[in-house]
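**Q** Straight from TrEMBL, here's the annotation block:
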TRANSMEM  101-122  transmembrane segment
DOMAIN    263-517  domain 'Tyrosine-protein phosphatase'
BINDING   D424, C458, S459, A460, G461, I462, G463, R464, Q502  substrate binding site
DOMAIN    432-508  domain 'Tyrosine specific protein phosphatases'
ACT_SITE  C458  active site, phosphocysteine intermediate
Amino acid sequence: MLYHCMLQLPLVINSCLRKKRKLRHFFFIKGKKNCVELFISPLNKKIGVPDTLPSAEVLRSLNLHTLHQRLSHFGITEVSPEKNVLQGQHEADKIWTKEGFYTIVIFLSTFVIIVTCLMVLYRLKEKIQFSLSQDKKKQEIHLSPLSVQPTQSEAKHSSSMVHPEHIPKAVNVVVDPHCPGTFELKLPVSAGPSPFKMKPVGLQERRGSNVSLTLDMSGLGMVEPFNVAPTPREKVAIEYLQTASRVLSRQQLHDVVQSSHLLHTEFMEIPMNFMDPKEIDIPSHGTKNRYKTILPNPVSRVYLKPKNPKDALSTYINANYIRGYGGKERKFIATQGPMINTVNDFWQMVWQEDVPVIVMITKLKEKNEKCVLYWPEKRGIYGNVEVLVNSVSEHEYYTIRNLTLKQGSQSRIVKHYWYTSWPDHKTPDSAQPLLQLMLDVEDDSKTFTGRGPVVVHCSAGIGRTGCFIATSIGCYQLKEEGVVDVLGIVCQLRMDRGGMVQTSEQYQFVHHALSLYESRLSTETVQ
């Protein structure tokens, strides 16, 4: 098309000239992409005159209207005296050619690859630095003991217990059953502040968070044994737990229930006896604890029979044997609510200890998970133990399930009580349901004579669990002796499992429940 245009263009231009006699010869035509350059030379060239005529003179000689009409047949849309008027546009168009497009794509792809590689290298560098810092911290932990933040001294202690500074004086109470109207409680008086007095802390602070990072010191292995010899403060606390006592007559029990401040003061004097993780020398035992600060006392801990003698972790379960009335060994087992990875351990313990009754005092979820559903709807197999649900009966405050446990050719009957009317962090509005549950469990224990301990659990296995066991022991003592020693009972429980009866409100609730039970005993005696 361009070649045809260049051949016809001289004729078209010549026909549009107004002064044809002066312009008789075309000197040069140069074709470029999308444009044609035209140079006109006069026929009779004179010396000193340029070879080509100026463009302005040529345009004056042309009939532009006629020129545009005729040039439109060749696709020419503009006539201009400027040289290379479209050159910039042509050069700009070059970049959008096929080759230019490929060049841009290759450049962008290369840029993205380089940026991605740099980001990967940067993340890899950070990961290596983090790994090196963690290894350094582990070495420091191995070489030195953990430090304790002073702002959390109420909830975390460098030793295994909450202890007094000095041995408190014994509480002397003279009980005269024949004169129930005379009651005067004399607490020890000292010039300074109470050695056991501490700022009350929340339930979560006592338990520890179940979502925070737990540093399991036992996971470091047994490179160098820890020094677990009791400190002087620990010795004082242990002596207090072993000797503290305040025996109350029936009337004194009713009177003291009305003095919440007195019971709160007495409760704060009792050492918690929480265990330090270093006292349990089992690697990775923290994976089986629902709360990082609620650990079983090593002396009374339940040991599971290991599948592999070299696997110490398979012997571990967060559970303790609890003494009953009169110091009867292994009357109860207090344990935490089973977790997803400890359900098999729980049923192994129930079978191993020949447990006749299980008492569950928690919902499965109360804001956070408190316990997993560890029993089947009809039939389930947990490790080597098969569990069958024979029947389910709904009562006003709790649900009873009759279970059959099988292992090999052996089978056993187990009764499961699920009490859901006790809210976490609080106490029930009435003690009557708890008393009825306690009496039903006691009757079942008599039916299963010769069987093992009763398993009691809530979420952490110390708060509601401790209240149930303390109430059970106190009721038995009231029935047998006509008096009750709640302080001595709680101290005995904490010797077996730290933190039992967890709050001052729960301590007061135990007194209230025992007072209600005493009233029932008095009514039955009169009848």
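Glycine residues also receive a Cβ, built from the backbone N, Cα and C atoms like all the rest.
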**Q** Can you tell me how the residues of the domain 'Tyrosine specific protein phosphatases' (432-508) break down into helix, strand and coil by DSSP?
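**A** The breakdown for the domain 'Tyrosine specific protein phosphatases' (432-508) reads 50 helix, 6 strand, 21 coil.
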**Q** Averaged over the domain 'Tyrosine-protein phosphatase' (263-517), what pLDDT does the predicted model reach?
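**A** Result for the domain 'Tyrosine-protein phosphatase' (263-517): average pLDDT 95.
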**Q** Using CB atoms and a 10 A radius, I'd like the single residue among the binding-site residues S459, Q502 with the highest neighbour count.
**A** S459
**Q** If you draw a 10 Å sphere around the Cβ of G461 (substrate binding site), how many other Cβ atoms fall inside it, taking every protein chain shown into account?
**A** 27
**Q** Cα of C458 (active site, phosphocysteine intermediate) to Cα of Q502 (substrate binding site): how many Å, rounded?
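**A** Computed Cα spacing between C458 (active site, phosphocysteine intermediate) and Q502 (substrate binding site) is 12 Å.
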